[in-house]
Every structure is written in C-alpha cells, then in structure tokens.
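Copied over from Swiss-Prot:
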REPEAT    70-99  repeat 'ANK 3'
REPEAT    103-132  repeat 'ANK 4'
REPEAT    136-165  repeat 'ANK 5'
REPEAT    169-198  repeat 'ANK 6'
REPEAT    268-297  repeat 'ANK 9'
DOMAIN    440-953  domain 'KAP NTPase'
TRANSMEM  500-520  transmembrane segment
TRANSMEM  525-545  transmembrane segment
TRANSMEM  660-680  transmembrane segment
TRANSMEM  686-706  transmembrane segment
MOD_RES   Thr914  phosphothreonine
COMPBIAS  1522-1532  compositional bias 'Acidic residues'
MOD_RES   Thr1679  phosphothreonine
MOD_RES   Thr1684  phosphothreonine
Amino acid sequence: MSVLISQSVINYVEEENIPALKALLEKCKDVDERNECGQTPLMIAAEQGNLEIVKELIKNGANCNLEDLDNWTALISASKEGHVHIVEELLKCGVNLEHRDMGGWTALMWACYKGRTDVVELLLSHGANPSVTGLYSVYPIIWAAGRGHADIVHLLLQNGAKVNCSDKYGTTPLVWAARKGHLECVKHLLAMGADVDQEGANSMTALIVAVKGGYTQSVKEILKRNPNVNLTDKDGNTALMIASKEGHTEIVQDLLDAGTYVNIPDRSGDTVLIGAVRGGHVEIVRALLQKYADIDIRGQDNKTALYWAVEKGNATMVRDILQCNPDTEICTKDGETPLIKATKMRNIEVVELLLDKGAKVSAVDKKGDTPLHIAIRGRSRKLAELLLRNPKDGRLLYRPNKAGETPYNIDCSHQKSILTQIFGARHLSPTETDGDMLGYDLYSSALADILSEPTMQPPICVGLYAQWGSGKSFLLKKLEDEMKTFAGQQIEPLFQFSWLIVFLTLLLCGGLGLLFAFTVHPNLGIAVSLSFLALLYIFFIVIYFGGRREGESWNWAWVLSTRLARHIGYLELLLKLMFVNPPELPEQTTKALPVRFLFTDYNRLSSVGGETSLAEMIATLSDACEREFGFLATRLFRVFKTEDTQGKKKWKKTCCLPSFVIFLFIIGCIISGITLLAIFRVDPKHLTVNAVLISIASVVGLAFVLNCRTWWQVLDSLLNSQRKRLHNAASKLHKLKSEGFMKVLKCEVELMARMAKTIDSFTQNQTRLVVIIDGLDACEQDKVLQMLDTVRVLFSKGPFIAIFASDPHIIIKAINQNLNSVLRDSNINGHDYMRNIVHLPVFLNSRGLSNARKFLVTSATNGDVPCSDTTGIQEDADRRVSQNSLGEMTKLGSKTALNRRDTYRRRQMQRTITRQMSFDLTKLLVTEDWFSDISPQTMRRLLNIVSVTGRLLRANQISFNWDRLASWINLTEQWPYRTSWLILYLEETEGIPDQMTLKTIYERISKNIPTTKDVEPLLEIDGDIRNFEVFLSSRTPVLVARDVKVFLPCTVNLDPKLREIIADVRAAREQISIGGLAYPPLPLHEGPPRAPSGYSQPPSVCSSTSFNGPFAGGVVSPQPHSSYYSGMTGPQHPFYNRPFFAPYLYTPRYYPGGSQHLISRPSVKTSLPRDQNNGLEVIKEDAAEGLSSPTDSSRGSGPAPGPVVLLNSLNVDAVCEKLKQIEGLDQSMLPQYCTTIKKANINGRVLAQCNIDELKKEMNMNFGDWHLFRSTVLEMRNAESHVVPEDPRFLSESSSGPAPHGEPARRASHNELPHTELSSQTPYTLNFSFEELNTLGLDEGAPRHSNLSWQSQTRRTPSLSSLNSQDSSIEISKLTDKVQAEYRDAYREYIAQMSQLEGGPGSTTISGRSSPHSTYYMGQSSSGGSIHSNLEQEKGKDSEPKPDDGRKSFLMKRGDVIDYSSSGVSTNDASPLDPITEEDEKSDQSGSKLLPGKKSSERSSLFQTDLKLKGSGLRYQKLPSDEDESGTEESDNTPLLKDDKDRKAEGKVERVPKSPEHSAEPIRTFIKAKEYLSDALLDKKDSSDSGVRSSESSPNHSLHNEVADDSQLEKANLIELEDDSHSGKRGIPHSLSGLQDPIIARMSICSEDKKSPSECSLIASSPEENWPACQKAYNLNRTPSTVTLNNNSAPANRANQNFDEMEGIRETSQVILRPSSSPNPTTIQNENLKSMTHKRSQRSSYTRLSKDPPELHAAASSESTGFGEERESIL
C-alpha cells in the first residue's frame, strides 16, 4: 500500500500535478519515499525547479539532507540546475552547504562549474567554502576561470578564494583562463595578484598558453604584469617560438617589444627565426630580422633559416634573409647548400637571388654534384643559363662528380642539348647539327639501311651528289655513325665453355705443373697443377653465370665475361687462321649474317700527288682492319693466307697431314721431353730415356729448321705493317712508275679484301670496307679521270663500298675534257662514264625532302586510274610495313636506337618486302618492251635506287606502290632530261588532274623539247627516245601526275639542277624571241585561244612560242645550235657558264583585266588540258578589257569612251547601282548584296581604300560573284589612279597621254594600222604595276599554294646553291676570285655569241639598225611581269588569283602633273628595239636636275639609294629571295614620247637651265654611275649565278634617299615597241652613225671599254665590290632598285616634243615580230606597266619639260610633299 502511495507521490511530482499531490499528501504523511535511483520527491522537484511542489513537500515534512545513490542532495541538484529560489528555500530549511557528492563536489562547485552566478552568490552569502577542492584538487575558481565565468571568479575572489591555487598538475586559474583566452577572468585574476610565471601542466605558463591559443588581448594583459617571457614549455619552446610558428604576428611584435630573446633554440635546435621561416610567415621573419635574429644558426639537420626559406620556395623570404648577409655556403647534413636546394627545386627566382648574393656555383653535395650537374640533369635551360652567366663558372662544366659525370657529358648524353641553346652551336659537326639543320637525317638513315642490308652484295659505289660547297661532306660522318649503329657493332659476346677452353686450361696447368716438377719436386708440380685447374674452373663458372645476371652487383662479372670471351675468341681466330681453311659463307637469303663496317679516315683526295693520297687512304683502311681484327690476326694473315690450291677441305695440310696434328705432335714431344727431364734428369745410366730425349730433340729441331722460312715471314709480317709497306712503295714512286705503284696498291687492296673475307668466314660476320672519297671536285680537272679509274680498278672487287661525295657537274665536265677520242667518238660521255661507275646515285636535295611530309598520301591506290586493279599481296604488305621513320628511330636516344630486338624486327620486315619487291621488279622489268636496253648493271642500279627511295618514302609516312615506284625510278634514271621537262611542267602549271597520265603531259610538251644534241647537249644523258615513249605508254603501271607528286620529294637519283638548266635555257630562248630577233621560233601548235589561268606558267611575256594568232602552227622551224644558249663551243654542256635568270621567271603570272573581260573568262580552277606549249604561251586577254561596255568596235577604230567615273565620287546608292551593272552576278543575291553595302556604309571612298580581304569578309559573296565584284573594284581603283582631272594641262592634253590601263578601244581609235590588220591580231597585255608589288606580303600571310601543294620547288635557287637555302652565304664565301672571273668571261662569251646569232641573215632589222640592248636587257627585263605574276601567285588564296588584293591607290596630290618625258623612249622607226647611243645617254642626265635642292653628297648617292618611292608598301618587310637580283626588270613596252623639236637638242644636256651651284654636279654623278654600271653589266650574271645576293632592296631606307630615287626613276624610262608607221621619225644616233654592221652596234653591250648606254640604265641592279657602300643584307617584299633595270632611258631633252606628235605615237604601241616561220607580221599591243608609268608620271610633273629653274624646284618639292602625304595616308 505504501509503495503504491509513494509511487503516486513521485509520479505526481514528476508530472507536476500539484492538486493531486496536495490531495495525496493530505492523506499520506510519508513524503520521503524514494524511487529506484534513491531520489526523494524533494530531490526530483528541486531538480525540476518547481518551487510550489518543493514548498508543499517541505511543509509536509520532507527531509532536505537526504541523499540519493550518488550522494546528491536536493541542494546540489538545485544548485547545478541554477534554481535560485529553490536553493533559497532549502537554505531556509537549514540544508548542509558543504555536503559533497560522489565526486567530492559541493553545491558551490557545481554552481561554479555550471556558471550559475546567482546561486554562487547566494551560497557564498550563506557561508559556503570557496576553497573546497574536488577530484584532482580542482578548486571552484579553477573551474570558473577555465570555463570563462568571469563574474563567478570575481565573487569567489571577493569571498576569499585562493588566486594562485592550483590543481593536481600545478595549473592555476590564470593558466586555465589564459588557455581559452577568457580575458575578463584573466583581468580579475591578475587584479587579485595572480602569479603570471607559475607553470602548469607541461611547464606551460599563462603567457605560453595564451600565445599558443593566439589570444592577443590576454597576452597583452599578462605582459602588463611583466612576466618572464623567456620561459619555455617542455619542448623548449618559448612564447615567441610558439607565436612565430603559429604565425601570430601581433603577439610576436608584443613579445619582441617585451624583450623576448630571439635566438633561443628549441630542443631540436631550431631557432625562432627558423620556426617562422618554416611556417612561411613573412612579416614575422621581418620582425625577427629587425630584432637581429641570428640567421646563420643551424637548426635541425644543419638547416639554416635561409635553407628553409629556399626549401619552402618563398622568394620573398629569401630576399629578406639575403639582405641580412647570411652565409650562403652552410651545408646541410646531406651537403646541400641553399643554391643546390634551389636548383633541385627548379626555382629560377630563388637561384637568381642567391647568385646575386654571391652563392658559389662550385658547391657540391654528398654525391659530388654541383648545381650545374643538377640543372643539366633536370634539363632546365634557364637554370643552366643562370648558373653559367659568370664565364668563370664555365669550368664547372668539366668538373666530375663522384660518379665521374661532368655536366657537359650529362648534356651530351641527351638528344637535345641545353648547352648548345645557351652558348650556340659549340662546333659545326654532323653530330652537332643532328642532321636536321641540313635536312640529311633521312638520307643518312636510308643509305645506312641499304648499305647494312645483309643481302646487299658488295662491291657497290654510292654517289653522294650535291653542288660544290653545299656541305655534303657533313653527311659523311653522320652516314658513318648511322652505318655503325645499323650494323650493331656495339654488341659484346659473353664467355662460353668450349673445347678450346679445356685444351688451353689443361695446357696451362700442365705447363705450370711441369715447371714446379722440374724445379722443385714432381709431387708439388702435380698438386699445384690440379689445384690451379680446379680454381680456374670455379672462376669460369662464377663468370659464366654472373655475367648473365642483372643488377649492378654483378657488373664486374659481366665485364670479365666480355673481356674473357673477346680474348678467347681472338685466340681461336688466330688458331683458325693457322690451321683451318675458311669455310664458305652461307647464302644471305637463308641466314643473314651481322654486318660490320670499316672506314677510311683519310678520305680527301688531294690534287697534289693523287697516288700518295690513295696510298694513305688504303693505309688508314688497313689501320681500321688492325683495330677491328687485331694486330696479330691482320699481320699473320699475310703469312698464313689460304692459297686457292688448298681446295675446300676443312683443315690446312702439310705433307698430307692436317697441320694442327703436326703442331700437336711437336707440342707433345716438347712436353714429353720436359717431363722426362723432370723425372729422370740427365743421367748416363738411363740409356732408354736418353735415347727417347735425343729422338724428341731431333724431331723438334727438324720441325724448327723446316719452318725457318715461315718464322722469317712471321717476323717480317709482324714488324712491317701494311701501312709501312704502302709508304715504302710511295717513297719509291719514281722508281716504280705509276703502273708499278698501282700494282702494289692493287695487291695490298686484294690482300685486305681476302683477309676480311677469311676472317668473316671464321667469325660468321660480313665485313664491308667503306672507302669514302671526298674532294674530287677540288682536284685538278685533268687528274679527275685518272683518279676515278684508279678507284674503280682498286675497289671493284671484294667487300668494298666506295662513296663518292662530289659535285657531279664538275666531275662530268672534267671527264668530258679528258675522255679519249675513241670514247668520245663512240658517243660515250661523262654522264655515261659516271653512270657506269656509280651503282647508287643520291642527289642531295634537302629542301625537297624536308617538304616531303607535306605530301603525306593516305590513299591505297596511289594514283592508279580508278578502273585499274592494282591491289594485291604486295600492296597489303606495303600497308603492313611499319611506318616508323628511320630518322625518328635514331632520335629516340641510345636505348631505343640500340635496341637490337626492335631494330632487327623492323629491318627484317623491310627486307622481306625488299626481297619480294626485287623479285616482282625483275619480273616486271623483263616483261616490258623497253627492257631491251637494260643491262644487269643497270638493273642493279635501279634496284638500289628503288630501295633507297622506298625507305625515304616510308620514313616520311608516304604510302606508295612498289611497281609504280620502280617505273618512276626507271623513268628518271634512263631519261632524266625529258623527265625533268615533265616535272618542270607539273611544277609550273596548276590545275592538272592527279589522274592525268605522263604520256598525255609529254604529248603536250614534246614539241617544245629540243630533239637534237646540237641544240641541247643534255639530250645525250637520256636513253633512246623511242623507248621513252614506249615506256610512258606501257600498260602496267601507267604513271600519272599524282605519282610525280608522291615520288618527287624523295627521288634521289634525279639531278635537281637539270630543271634549273632547262628553265634557264628556255628563258633565254623566249627573251630572244620577245625582241623580235631572227631567232627561229620553237614549233607551235594550233589551238583555240586559251583562257588565262591563274596558275598557268608563261615564262615570257610575248614568246614566239606562244602566239596563237597568225603563226602557221604546224610549221616546225629549225632550232639553233646549242651554242646559242651556252657560252661554250663544242658539245660540252655549260653547267655553270650559262645565263642566270631570276627565279621569278619560272613561276606563273596572272594578268588582271577589266570586269567585263572576266565575264567571258572561264573559272580559274578549270582543269582544261593545256595546249602543247608547256606553259610557254602568253595568256591571251580579250579586247574588251576597258571600263566601258564591250563593243565590237573595241578592237578597231571607234569613238573614245566618255570620262571615267571616279571611284571616290560614288555614294552608297551609286555603289549599289554599279553592282547591279556587273554582268554575270547572281541576280537572286543582288538584294542581299545591296543590303550589306547599305548596312556597312560601303561607299566609293571605302572601296578605294579598304583592304580587299576585309571587304570579302564583309560582303560574304559566293565565289563567282566575289571574283567579278573584286575585279570591278580593282579596275576602278586602277582607272582612278590614272586620272588627275584637276591639272589643267592634263585636261588639255588628255587625248595625247598614254591610255589608262585596260582601255584598248581608246588606243585603237588612233591606230595607224589598217583596221583589218589590227582586228585580226590578238592584243597581249602585261598588266603590271608597282603598287601590285608593293602590297604583296602586306595583306596576305604565308604564300599559299592551294592546289599543287607539292610544288615545293617552283622557285629555283641560283645555279650554285641548289642544295642549301637561297640565303646560303657559306658557299658564296668559298667562291674564289678565279671562279668569279671564269663566270665573267663565260658571260662575255655568251652575250657575244647571242649577239652574233641575233645579227644573222634572218634578223629583221628594218631600218638597218638593231638594238644593242635587245640581247641582254630583254634577257633581263622581259620578266618584268613575271615579278608581279610570281608574287601574285603566292598571294593566291583558295585557288583564286588576286591581282590587286588590298592594294591602295598610289595617286599623288592632285596638284601633281604627269611628265611624259619619264614614260619612255619613243621608237619611231620600224626596228623593234632602237639602239640607244652615247648621246641618248647624255640626255639622261636631265634626271639629275630633279635634285636641285639636294646636297651634292645626296645627289651622288645615285647608286646607293634604294627604291622607296614606288609606294608605301615598300616600307614593309619583304621575304628574302634571289628575286631581288634582277631588279624590277620592267618590260620594255611602256610608251615613250618624243618630239621632233627636241631632236635638235639631243645630247645637249646643259641646255636646260639649272641653278649655277649645281651645274656640274649631275654630270659627275652620272659619269660615276657609268663607271659603276660598266662592271655591273657583266658582273650582274656572275653575282646572280654564284648566289651573291643583290643589295638593292635594303629595308633600311632614309627619306633623303627617296628624292634621289626619284631622279633614278625619271631616268628609268621604259621602251614601247612601235610599228612601221613610225619608222621615219628618228634618225640613226650620232654615236653609231658610222657603224654599218648592226652586229657591231649590238656587240657594244659586251664591251668593257666602251660602255653601252643601256648599261647606265641598269640602276643598282647588281652590286659589286666596287660599288659605293650599299652592301647590305636585304629582303624582298618590294620591288628592287630602280624602275629601269633594262628599259633604256628616255632623255628629258628628247621628251621636249610637241604634244601633237605625241598623240600620234600614243595611239597604239605595237611590236612587229617576223619569225621565220610566220608568213604574216604579228602586232602585239603591249600595255606592260601602264599603271606604273602613270603613277611615275604623276610624280614627275610637266614642269620638268620647262626650261625654267623655278619650275624645276617646284616639281621636286611638290613631288616630295605628295609622297609624304601619300605615305601618311596609307600607313
């Protein structure tokens, strides 16, 4: 019952059900009942904080001091929970204040712990003890302080609590308060006098724990009490150390201000500074450094603060520390200095800081490594550069570390050198250039692969062909290294057990035992020999197994194993040489033996004493044999060589017994004798023994006596080496004579070959003796043939590989000169001779090879006709062959390059393919019709070439078909000349389909190819032409254009110079044809006029080979003799002594026409077949080229069109209207185009000045519309640039000025020829302007060849530098004065012969005079348009020619007037080119009057100035090219005007008044000009041909040069060829009036004594040494030099003519050509350089025609001003 009642009371208390509790308490008086935890209802109510229930229970007599099971009372429960009123009630009841619970805690303790401030205050007021302690002796104040109850701390302190009381560990309330940063508690405690230095747990003081927690304010409070700031914790850390490590900057500063010691180390030895550095706290480090912290104290592992800063990579900290001058050389325990550590971390900034502070680069770590070792091993160029910036430290490159490595060697062991990047190339050697510099990597790899092919049967002769001075010798060493690598000579043999080992060990041990037995005792001898035998075999076993184990610990065993094997193998070889006949080597097809090479070191055949140098070469080869085979083997072979009579038995025999049996018998006798002597001694008693000894001695003695001769031979052979014998023979050359000496050489060479073969058969190797012959092209030419014969005789048998490195042209020339008459009469020439000697020709064409990767071909058919079925096993095998480049294999480093397994597998695959290829090729070649003239030697040569070419193609990852490659190689090998024609055509002609067969191409160009050797001596190097045609027609495989693309870059047997020669001769032929001379033209072919193609290649402007008009196309006229082209007489082809023509002669040109013309022009990308002129035809322009609408009358006479609408005057609507008028535009797109124009506000001014490319992007037209629109814009720009309407004189004489560009109708209206004749002619134009040149390279990027990207060589270099780049100056420096003199003489002869041929019976000299400049200057200048077209082609984008892209109008100020005197020389007679005489030349001095305001020094710089005034584009950088060499070379067809009135004044220069102070200066200047040009005329070709760069195109211009250039440009007047109607307007010039023979007049160009006036128009075309300081390195994006390179000047006095006559001359300028094959004259309208002349005319103004000096001054000034403004507006 009571339990129920009590439960009810407790329940009611817990439920706080007061009414029920009251009711229950009234019934039941027991209020102190407990629950299961021993709690009474009062405890529960006190804990719950229910005051009313507590009061009720107390009123009913509840006991306040009862305890529960944990000794808790109601007071403790109420205090813990903070119920103040209940505590107060309980206190009133007299509760026990000091009662402790189970943990010894009183109510006060709990209240302090829980932070019950009111309860604490109440308990203290009732007398509670504040110093009571609980568990671990913790006081209430400690709990309050540690838990941050500041008010309680204050109350306790006021009530007498101990301020410095401590717990069990000595930790005071202050430490506890500071540990958590309870600032108020700290303040109360400090105020009551708490001890700040008392240490608590872990020796921590209040300051330390406050610092560790980072409580700045607490630290500040504690520091106010002046604590001991240097106290440390148990780890030795002071407060400052802790603050520094933790990064509390403010605390550190406070501590430092309080006077803390900064250098106290902790237990590990680290100082405060090191701690701060390790923590990366920059500000703290600075603060410590300001307090003079010791920076050199070594901490843990001997690391200083500086080292730690470096290790942390903190450059700021390093900089701060370095400012305090630390010791930078203090090492850590690993020996590392800060610099070494920084280098290891690759921290460039820190390294630089340390070096600036003087850290030593020579410091070493424990491995002996310097920072340089580390930097170079880490491949850090910048670090190495920093470390080596002091030149004195360069010596450290050669300081080895403990492993013996030097930085230099470490660098050398890597493929890409760092030191070379720092210092530049250390030395120019094949290994250093790595082949890439010269592009020879693939050549050397492919050749090495061929020559190391085990199945390749020597002897073979390889020809490395390149021009003299091209650096081909660099390839030789690289080839040697590659061959050694391919041959795998670095593999070392390991020790093996063999019977020879057993025999030798038994012999050695037996001999040793005999020795001891003989000297000491027989038993000792036996014991020693057996013991030694056992030791030897134990040693052999260890070596055998140890040498095959991996790991550095067994490296010594490997070394011993290889050395032992080498020596035993050598001993075995010696024994085999003496006793064994060499076995036959197995067939290489069944077992491929490893190959090894021996090289000659002395490979230079000197011109003096060729025999001696050959002897030296063979001697070096014998030395190489001795090094490879050993000293004894090579010398003993001379004695023990196998005679052919020995037969094929295994053993050598003596007296029918194998020699080794006799040898063993003798050895046995000797051993037996010694044994008997050892046992029995010499004792007369032993008669039997003595008899045996005597017989043994007899046998041995007899053997020695019989072999005396052999012993003598052995002795002689050992003492006299092969080198010594050769030198002895050479010293007796005067006695032996040449034949005897050759016999000695031949014997020695044969002995060497036999020795190599014998040793190979024993060692199962293939030895190939490589004879490298360099320098033949430097020999005296009369000795070359002798040297070749000698080499062929000596090395034509045996394992020899002869490598010729020479210039084939020099060699062939020398051979031709020295061949005997029998060979020459039998049609054998130098080419045949060299072809017979050389089995594998390799023409080094590095530029073509370097571009080969552009032509990667992925198609499997490789250009086959789609229907042809050429797939099969071979092609599958082709695809399976690894595509690894040979060059890349060697670049991967030594490990990869020497990985024999990979190399072997790769090469075995290639050899399988090669064998299959050879088999298939042989079958292919035999079945073809053209096989009839292929000899076995030719077959071998073809297979060699195919093999090399195939490797190069594979190396460049070009997929190909072997059959096609073989056909191509046969084509290039048998008919190189005709193949070069095909290639030249493909290079110069774009748009040729890939599938077009070479047969088709050949049919197009065949009639342009000379047919007789008299015309072209190079025909002699070709085979039968009938076989050539049969070959091209052969059914399988049919070669197509694509095959040429694929194979040409890697073709090594075709001389690239052939194409240069063909182009040179062709250019000369065409230029002669242009002059209208009596040169019989090449055959022509009838055909419809071709539309001009942007990629076609007419090499001349008006070639006689290209007139489709009235020529009888089918007539084949005779071709001139070859001397017509060359400077040589006789059949010898002049490889060098031929004219040089600028490279841009050979590239396509494009002729912009009017917009209407473009309507009828087919697409530029058309692939119509070209007619059969090989691209020599001139592009025919429609007559409707003007800006007006085309009419039929445009070809005949008709009214001149109205005034041209200026582009600048058009507004936006007018531009839209103009757009709609363009015929051919897509009408559906016109609204969109007009919208774009209006949106972008494109008016006339915008069109006149904008960049064409930007306009294209903005207009966003389709291709055809854009082409038409662009052409219209460019034509309008061009037309506007020709009109200066504000000049009244221009307006008044507009009808007599030259017709603007593209207006044939206007010209035709004044034509004096009959209309019928004119209309039948085809007007030809060469539209070429300087602004077209000037803007080249400005708006476009790199030249694009969008269609035929494989034509890497469309621009050929000069004759002398076909191997290297055009800028190669190395070769030029090698040209001696003698060579240049030979060039000069050759060109004189060449020009003379050309002139004589021109003056032949068929020449057309209508007025009885011919032109002296026609031969040479036409040769130089007819290519004027070629410059434009060539550069224009480079600008081609998306296969579209852009004639005037981005071109700006070059109009001068409108105040300028046109000077017709500068536009040319009037040719009034019927002669195509008038001779310009001395008088004409004098009149050129009027050009000097253009400089009246200049200083005399500036005027005299006539030849030093560069062409600046051609347009602003000239200021841009230009591409370096030999195109500069020929100057601007404008064509000769710009109209030149002349007046009858001025004819009286011809030659009278001084008639035009000028300022007195300048009266004589221009004359002196021009006389000086003549002197300069006298040599320039003949030296021009020389410098060009030898690669000397023209220096007229300097980018370094000055403004004062521009005006001087104007003077040149005024004299630079161009020639217009006139028709018969003007023949009577000009008389014979005075200076030539006495010369009746036109040849004499023509020859004046070649005379050095009499300077032709045409020479003086060659303004600065080719500088020589005697020119004024103008020798600069130049570059080409501008036109070179002056306008006139070849257009002989029109004198100013001649230009003073009445304009009535000028009108007649201006009407139509025509050339009449009368070739022998043409029944009708051809009139050619040539508008070349119209735009240029008009621009120049605007600059030169009418005032120059006046005789008033002020006007002259005005002309010059207005010109200068105009140019300056123009430049500003454009730039």
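Keep in mind that glycine also has a Cβ here, set from the backbone N, Cα and C atoms.
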Same-chain residue ranges lying at least 6 outside the repeat 'ANK 9' (268-297) that approach it to Cβ under 8 Å: 238, 240-241, 243-247, 249, 252-253, 256, 262, 303-306, 308-309, 312, 314, 316-317, 320-321, 323-324, 326-327, 330
Positions whose Cβ lies under 8 angstroms from the transmembrane segment (525-545), at least six residues beyond its ends: 495-497, 501, 505-506, 508-510, 512-518, 557, 560-561, 564, 678
Across the repeat 'ANK 4' (103-132), average pLDDT on the 0 to 100 scale: 92
Same-chain residues at least 6 beyond the ends of the repeat 'ANK 3' (70-99) whose Cβ lies under 8 Å from its Cβ atoms: 38, 40, 42-43, 45-47, 49, 51, 54-55, 58, 64, 105-108, 110-111, 114, 116, 118-119, 122-123, 126-129, 132
Distant-in-sequence neighbours of the transmembrane segment (660-680), which means Cβ under 8 A and at least six residues beyond its ends: 507, 510-511, 514, 517-518, 522, 525, 575, 578-579, 651-652, 654, 686, 689, 692-693, 696-697, 699-700, 703
For the repeat 'ANK 6' (169-198), the number of residues DSSP places in helix, strand and coil: 16 helix, 0 strand, 14 coil
Helix, strand and coil residues within the repeat 'ANK 5' (136-165) as assigned by DSSP: 18 helix, 0 strand, 12 coil
Number of helical, extended and coil residues in the repeat 'ANK 9' (268-297), per DSSP: 17 helix, 0 strand, 13 coil
Residue counts (helix, strand, coil, in that order) that DSSP gives for the repeat 'ANK 4' (103-132): 17 helix, 0 strand, 13 coil
Per-state residue totals over the repeat 'ANK 3' (70-99) - DSSP helix, strand, coil: 17 helix, 0 strand, 13 coil
